[in-house]
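Colleague: Right, I'll just put the structure down here and ask away after.
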Amino acid sequence: MKGDRLIVALDTPSQEQALEWVDSLPQVLWWKVGLELFTAAGSSILQALKERGKRIFLDLKLHDIPHTVGRATEVAVGYGVDLLTVHAAGGSAMLRSAVAAAQGSSCRLLAVTLLTSISPPQVRQELGIEMDPADYVLHLARLAQAQGFTGLVCSPQEVSRLRQALGPEVLLVTPGIRLGQAKAGDGDEDQQRICTPDEALRAGADYLVVGRPITASPDPVAALRRFQALWDAAS
């Protein structure tokens, strides 16, 4: 498995627990810090990861008025993170504000299209969007690309279409990765649009984001090896 293409999500409010996972899986280069951990630990978790030589995906899904998102982006890239998420649904002005704030930094902005926790029926029934989910994702992806975004977060089910439509230069980061034992909506499974690592890679994903299937496993090292086997099979 290419360790620089796997991003492990630190889904915990505890910095101590997060760093225990990081230290127990030294072969993993990329780590995702989301709202839960960032709200609990603040920038100290980012500093701890940088001290360990890790690369950081700060997944805050910024979505506010353009001025606020621009200022928040400026602060976030100042932490030295490598990837930062912004909601594409915030509109063109908001997206441009984020791009302007990140200009000159080494941070790459990723536009979030449609959360992988949202099922196709919810798109119409709850969001009121009279589009096929795949069409809606492509619409938001093109909107973000037109404002200067060069990376996207999308479900594995949309990777192939986005790759074909947007070309090889767009960075596609894919959550909703499972080993196959979890079904959408089962138990504490939030993700609705999921697939296995080999399926996502064959579809054209650049990075895979995996959280609980590794960190909540009784043996995270063994779980990582299982992902490695599927990854190698897709290579």
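Cβ atoms here come from the backbone N, Cα and C positions, even for glycine.
According to Swiss-Prot, the protein carries these features:
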ACT_SITE  Lys61  active site, proton donor
BINDING   Asp11, Lys32, 59-68, Thr116, Arg178, Gln191, 211-212  substrate binding site
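Each of these features: where is it, how hidden is it, and who are its neighbours?
Modeller: Sequence-distant neighbours of Lys61 (active site, proton donor) (same chain, 6+ apart, CB under 8 A from its CB) are Leu35, Thr85, Val86, His87, Val112.
Annotation note: Thr116 (substrate binding site) sits in a coil segment as assigned by DSSP.
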Colleague: Return the count of C-beta atoms lying within 10 angstroms of the C-beta of Thr116 (substrate binding site), excluding that atom itself.
Modeller: 24
Colleague: Within its own chain, what residues at least 6 apart in sequence put their Cβ under 8 Å from the Cβ of Pro66 (substrate binding site), listed in sequence order?
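Modeller: In sequence order, the residues whose Cβ lies under 8 Å from that of Pro66 (substrate binding site) (at least 6 apart) are Gly90, Ala93, Met94, Arg96, Ser97.
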